[in-house]
Ligand code: ADP
Ligand code: AMP
């Protein structure tokens, strides 16, 4: 099964993606995670990506399209299918993805679109914490780690600071609509109510994916 998960920053894409991967065994391809890994390893691409990410801007399309194309061509994708998270983020990326999938003979099965009220996103992003060891995402209030936890085991993303979040939301709101419309025209979009508890969102996501599986 080959899926996209879309939604504004903080909509819950990564949170749902990890549940989808556990339940359905698809490969999770998150461009944000790929850039953060490259930044941590201080590769040339990581340094370039950092200069955009720190300002809340998008990394240029040529770079982003290149890493996705390479990843989709790897062997496990044909076997397991994929869930693309955080890509495409511009209409040009959507066109590039169409081309890449058609070159590889892969068809997209669906686009999971998590809809949230943008006014809740600052709170979601400013409370987001990530477990250093596993990379798992939590929220200080909405999804805290179980039991007494040591704050030092978790970090906050640099680009989750309020100044950067505002720019990220503006950029993503401006770019998002044409992309969703592109996939709506193909009849691939499934809208999910994202303003509900994490597990309730996942129940709705599971219904959609199960209907695609049959
Ligand atoms: P995205 O990948 O779309 O940027 P995340 O999955 O990282 O978003 O979620 C952003 C923050 O909001 C995280 O701290 C996460 O724990 C929290 N979160 C995710 N889904 C929900 C939800 N349905 N209700 C409340 N908080 C949520
Ligand atoms: P995310 O983890 O999806 O919130 O992404 C974090 C940051 O990485 C974004 O704010 C962008 O700067 C960059 N990024 C992630 N995915 C893309 C993409 N598809 N196109 C351009 N930049 C991206």
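Cβ coordinates are placed from backbone N, Cα and C, and glycine is handled just like the others.
TrEMBL annotations: computationally assigned, not manually curated.
Some features that TrEMBL has for this protein:
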- 10, 11, 12, 13, 14, 15, 128, 137, 138, 196: ATP binding site (BINDING)
- 30-59: region 'NMP' (REGION)
- 31, 36, 57, 58, 59, 86, 87, 88, 89, 93, 157, 168: AMP binding site (BINDING)
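Features as recorded by TrEMBL, highlighted on the structure.
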{"residue": "10", "record": "ATP binding site", "DSSP (3 states)": "coil"}
{"residue": "31", "record": "AMP binding site", "DSSP (3 states)": "helix"}
{"residue": "57", "record": "AMP binding site", "DSSP (3 states)": "coil"}
{"residue": "87", "record": "AMP binding site", "DSSP (3 states)": "coil"}
{"residue": "128", "record": "ATP binding site", "DSSP (3 states)": "strand"}
{"residue": "138", "record": "ATP binding site", "DSSP (3 states)": "strand"}
Candidate nearest residue 87 (AMP binding site) in space, where candidates are the binding-site residues 12, 14, 138 and distance is Cα-Cα: 14
Candidates 10, 14: member of the binding-site residues with the richest Cβ shell (10 Å): 10
Taken over the region 'NMP' (30-59), the model's mean pLDDT: 97
Fewest other Cβ within 10 angstroms of its own Cβ, chosen from the binding-site residues 12, 59, 87, 128, 138: 138
From 57, 59, 89, 157, the binding-site residues whose CA lies within 10 Å of that of residue 128 (ATP binding site): 157
Most crowded position, judged by CB atoms within 10 A, among 57, 89, 157 as binding-site residues: 89
Listed binding-site residues with Cβ under 6 Å from ligand 2, out of 12, 14, 89: 89
Filtered binding-site residues, from 14, 31, 87, whose Cβ is under 6 Å from an atom of ligand 1: 14
Nearest recorded site to residue 59 (AMP binding site) by CA-CA distance, among binding-site residues 10, 12, 138: 10
